[in-house]
Structures are given as structure tokens and as C-alpha cells.
Amino acid sequence: MNRDDYRSIRPYLPVELGTLDCWPPAVVKTLKSLSGGPSLSNVSSGKHFAGAIADLRSSLGFRPLRPNTSLGLSLFFDNLMSKDEAEKWFVEVVPRLADLVLSLPALLEDHYKNAGEIGLRLLKSQQSGMVVLSQELISALLSCALFCMFPTANRGENYLPPINFDYLFGRECNMASHENKIKCLVHYFERVSTNMPSGNVSFERKVLPFTNADFWSNSTNLLCKFEIHSSGVIEDQSTELLEVDFADRYLGGLVLQLGTLQEEIRFSINPELIIGTLFLPVMADNESIEMVDAERFSNYTGYDLTFRFSGDHKDNKCLDSMGRRRTRVIAIDALEQPGSTQYKPESLVREANKAFCGFRLNPNVEGEMGVATGNWGCGVFGGDVEVKIVIPNHSGNASIPKPDNSNSSREVSWC
């Protein structure tokens, strides 16, 4: 395929377009066997599922699965899942996921045929731009991640986070929170295997020209209207707001490893966000990532070690003109363990710029939109809550393009 966007992402995809056989014959054989269900594939347990994934990786020329991954797959699907749930997974869900992977070349061809300037590509650091993917294409790509089919060579040196699910299942961990994170992701695959959503999800790397202390000291913007909520979570706010993801520099943080803090929870209940890790390298100090229309599939309770999957979630948010759900998640990474340096001007400017970049709205977005945030950069990141309250309050209003003499203001909700 003769497209610059495709050429940039080709080394990170498991399939090559424009060839007679997009998938190697051995891969097609294994996938068709899986699509026929246990009666054809003999895959009716976590142990056999791990074997099928190992076959796919071998056919693609990848290294074998780590022993811990095979053990983790067996543990989850053979011991932690109920017998009825496991039977449904192998009889109904895995065959549909195999079909999705088989359809990936056609889905990608169709995507690039209609993508224009928003096609799937590597969005490098300091390269602003947007990628828009259909939810069906995302489900096929995430199925490849579950089957551990993405090549991993060069991802680290190009500052891309992990994308395959091998580390997720390969953690030597008996924590219930980790088990429940996997339950959220399994539930996503169960949902899309029975009722494929038809919307679109956008991922935008936003790059801000570096502003200095003078920019902020000379600002005449008033502070935002500010509300503090003693209960509730960011994603449950009833009005349309920019929802802050307390992000790691590497998008998704430890969602595919060991972690159930704010970012990992958000990516677990909105798993379509995970696919951003395929093509969005590490964020620089003047960058943020905005993700629109990632559907929420799961409910949950708790946080960190008490995190628990609590059932299905029906996301009833309306769609915009691009077919995107009106959910705007803003990934901004705070300074990690800044200690006393967080009070120095350079650190304050860095954090203000980061929030400013995240809160800036696309000019095509109609009206003003508030911000839902919380203890961004605090907790395990070690930031001072009182400092972090002031920064989004000031950055929020500074980031609104306002006509002359306008007194428009946005609201910041602190959850």
C-alpha cells in the first residue's frame, strides 16, 4: 500500500497489506480452527488457549510465550472463571475474535480507503495530529493484542509502550485487583463478540509551543468557577466535561502489566483507549493526548488493591457529528516524585503548560466545556494537592480561545 501513514505504522502491525497472502498460511489455519469453536480447534481451556496463541506467534516468527503467560492464561480461564463462563468464552467469544483477526486486512483496507488525513499512523513526539478508528477496527486490533500477535521489535527504542497481553497474563500475582482488571477486559471482548458497536474513536496528539513564566505572570485571565465534590468519580459526571486521565508519560501506564490506579482503571473500563498505545509514543513536557468516544463497557468498585469489576455498563452518551461518543478523555502526565522542586518556577511552569495543553479545545468544538479532574499528580506521583488544585484552575481558563472583551469561563470539577 503506497501511503505514508500506512508505511509509518507497518513495522508495528502484525499483518502486511497489499500482498497476496496478508496472513501467513499457518496463521490462517490456526485462526480458522479457532473460529470453528472447540469441536474443530480443541481449544476449550486456558491451557489449550495458550497453546493456540503460541502457535500463532510461532507462525509469525515471534519468540515463544513466556512460561508465566501460559500459566496465567491457564489460571484465569481454568480456575478463576466459572465453568459456565469459560464454556461461553471458548464456544462463543474466541471464535468471533478469531474471525475479527481474520478480517483485519479487509478492515484496514477499508479504513485507509476512507481515512484521508486521519488514517492510522505513528504519531511521533512533537507531531500533532489525529487518528480516527472505527470501533470494529479497534476490536480487531485488540483481539490481535489478546492473541499476542503484534511485533515487539523496535517498540522500546521508539518509546512505544507494550501492546500485547502477554505481560498482563504473565504477572506472578495473586491479587484480586489484577484478576478483576482482566475481568473488565474479558467482558469487553464478550460484548463486542455479540454486539459490535458502530461508532468511531479519535486519538489526538496535542503539542503546545513552550510557554515561559512570563506568559503566566502576565496573564489577566480570571480563575475558573471551581467545584469540589466529596464523592463520585470523574467518569460519572452527568454533564459533558473534559475528563482528565492522570497519565503516565507512556499512555496507559501499567494497564497491561500490574496496576489498578486511576489511569489503569479508566483504560480497563474503556478498553478502546488501550489501542492508542499502538501508535502514540511517550509524551514530552509540552504534549497531551485527547481521546474522544471510547465506550465504557464495565462498572467497578474500589481503587488500587480494592478494585473490583462489578458488571456490565451501558454507555448511553450521545454521538457527535463524526459518530464519536461525547466522552473526551485528556491524558496529561504530571511530574513524578518532584519533592521540593515542585515549588520552583520551572516545575510550576511545566505543570501549568501540561494542563494548558490538555485543556485546549479544538476550534471546531462548539461552546465551552468544563474539566473534571481530581488529585492529578498526587498519590503515588507525590505531588502537593494544594499546588495541583491551583494549576488546573488557572490553566483551564487560559486554554479557552475567547473573543475580545469576552468574560466566558469554564468550570473545573474536582472529584
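Here, residue 1 is simply the first one shown, and the rest follow in order.
Backbone N, Cα and C define each Cβ position, glycine as well.
Marked as domain 'PARG helical' by TrEMBL: 81-205. Secondary structure of the domain 'PARG helical' (81-205) per DSSP, as helix, strand and coil residue counts: 70 helix, 12 strand, 43 coil.
Feature annotation from TrEMBL assigns domain 'PARG catalytic Macro' to 214-391.
Annotation comment: TrEMBL describes Asp245 (among others) as active site. Classification of Asp245 (active site) by DSSP places it within a strand.
When other Cβ atoms within 10 Å of the Cβ of Glu263 (active site) are tallied across all protein chains shown, the result is 23. In the three-state DSSP scheme, Glu263 (active site) falls into the helix class. The active site feature in TrEMBL is assigned to Glu263 (among others).
What TrEMBL lists as active site is Glu264 (among others). Note: Glu264 (active site) has non-local neighbours Lys181, Gly252, Gly253, Leu254, Val255, i.e. same-chain residues 6+ apart with C-beta under 8 A of its own C-beta.
According to TrEMBL, the feature region 'Disordered' maps to 394-415.
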The rounded CA-CA distance in Å from Glu263 (active site) to Asp245 (active site) is 6
State the count of C-beta atoms found within 10 angstroms of the C-beta of Asp245 (active site), not counting that atom itself. 28
